[in-house]
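Please read the structure below before turning to the comments.
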Amino acid sequence: MKLKTNIRHLHGSIRVPGDKSISHRSIIFGSLAEGETKVYDILRGEDVLSTMQVFRDLGVEIEDKDGVITVQGVGMAGLKAPQNALNMGNSGTSIRLISGVLAGADFEVEMFGDDSLSKRPMDRVTLPLKKMGVSISGQTERDLPPLRLKGTKNLRPIHYELPIASAQVKSALMFAALQAKGESVIIEKEYTRNHTEDMLQQFGGHLSVDGKKITVQGPQKLTGQKVVVPGDISSAAFWLVAGLIAPNSRLVLQNVGINETRTGIIDVIRAMGGKLEITEIDPVAKSATLIVESSDLKGTEICGALIPRLIDELPIIALLATQAQGVTVIKDAEELKVKETDRIQVVADALNSMGADITPTADGMIIKGKSALHGARVNTFGDHRIGMMTAIAALLVADGEVELDRAEAINTSYPSFFDDLESLIHG
């Protein structure tokens, strides 16, 4: 696919699609609750559609009509054995969270995904689930998919310290803990996105959070709710960066989720001197309007507790850093290696091929700016965030063409991405 290059400005206002993390969880909680759940503004990307189909395969009635998703919850014990193996597509969120959901189901399932998912380690979630009494195994010692799982009605509670910062593992264990008899304690290594904690309480569940310690008493019952999904800050991130680095630009992004566990990119933009305004804050929905303008940027250091708050935004932040004066250092981000691709290497290779100066490290990157970018051919390797990062980088290219291979990967999280890009180019 040939990308737009050498644009003179970006202007306009858009609403980014619904938050992917919240969209997944709204389907999961709605399925496990008793009664009806209605979900508004859900993301209809391929990952979330995979989660919806899996729960249909598990016997849940899910209707998509007039822009609203209606889930007829079956309760914690109401899932039924599927006729066939469960297809998780490209979605690491789906396979990990649903492993926890099925921990208390007294039937056997096989879960598989596409080529990318089949390379992602699942031992981080299979190990603690085994401690709870679940029979679960995959391929090689890292438990790569496909996974075979047989849950148990006699699920044991767990006291577990996460060896990595992972909202997916935390959430899988919380879903399992809701079905175990007794008190489970999950201790995070670093604070990660807390959508599961928030939504558990929204659906009538109970937990206590004391710093990084989460305590869940099981078993519990949940009740169907109305869920309004805010815009995804991980999708908004591409426009935030585009507005900062494109010339003569001003972008308004409406209804963006600003949950404090997800706003690391806002902290980075401010540290780099970017012009960013936050208005129309809705404290209940945890959403706001974000406004960015073309800015002179400086390098910064991104590490430690900040990393889990922007892990999915690091590819586009790397592009931002190529347009900042000085050096930007990203470290403590080894988790990038086990995303849809090895994002440390793939981001460095993609942007370096366009003229950037990025040195990959064991746990991040060293990025020297400011770089003039030129044409190149870039492969997404099936990674949606690499595709969108490259499309934004192409906007700055004055010399040559940018070809993007496997651009369809973008449909994973943002099917309307190129439509929104066109509207901003012509805004």
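Placement of Cβ uses the backbone N, Cα and C atoms for every residue, glycine included.
Given the structure is predicted, the values throughout are model-derived calculations rather than measurements.
Among the features that Swiss-Prot reports, 3-phosphoshikimate binding site is placed at Lys20, Ser21, Arg25, Ser166, Gln168, Asp312, Lys339, with the record citing sequence analysis. In sequence order, Leu97, Ser171, His195, Thr196, Met199 constitute the residues six or more apart from Arg25 (3-phosphoshikimate binding site) in its chain with CB-CB distances below 8 Å. Secondary structure at Arg25 (3-phosphoshikimate binding site), taken from DSSP and collapsed to helix, strand or coil, is helix.
In the three-state DSSP scheme, Arg385 (phosphoenolpyruvate binding site) is classed as helix. The number of other CB atoms found within 10 A of the CB of Arg385 (phosphoenolpyruvate binding site), across every protein chain shown, is 28. According to Swiss-Prot, the feature phosphoenolpyruvate binding site maps to Lys20, Gly92, Arg120, Gln168, Arg343, Arg385.
The annotation active site, proton acceptor is assigned in Swiss-Prot to Asp312 on the grounds of sequence analysis. Around Asp312 (3-phosphoshikimate binding site), the same-chain residues six or more apart in sequence whose CB sits under 8 Å from its CB are Ser234, Ala237, Lys339, Arg385, listed in sequence order.
For Arg120 (phosphoenolpyruvate binding site), the nearest neighbour among the listed binding-site residues (Lys20, Ser21, Ser166), judged by C-alpha distance, is Ser166. Counted over every protein chain shown, other Cβ atoms within 10 Å are most numerous around Lys20 among the binding-site residues Lys20, Arg120. Between the CA atoms of Ser21 (3-phosphoshikimate binding site) and Arg343 (phosphoenolpyruvate binding site) there is a gap of 19 Å, rounded to the nearest whole number. The separation of Gly92 (phosphoenolpyruvate binding site) from Lys20 (3-phosphoshikimate binding site), Cα to Cα, is 12 Å. Highest local Cβ density among the binding-site residues Lys339, Arg343 belongs to Arg343, counted as other Cβ atoms within 10 Å over all protein chains shown. Spacing of Gln168 (3-phosphoshikimate binding site) relative to Arg343 (phosphoenolpyruvate binding site) is 18 Å (Cα to Cα, whole number).
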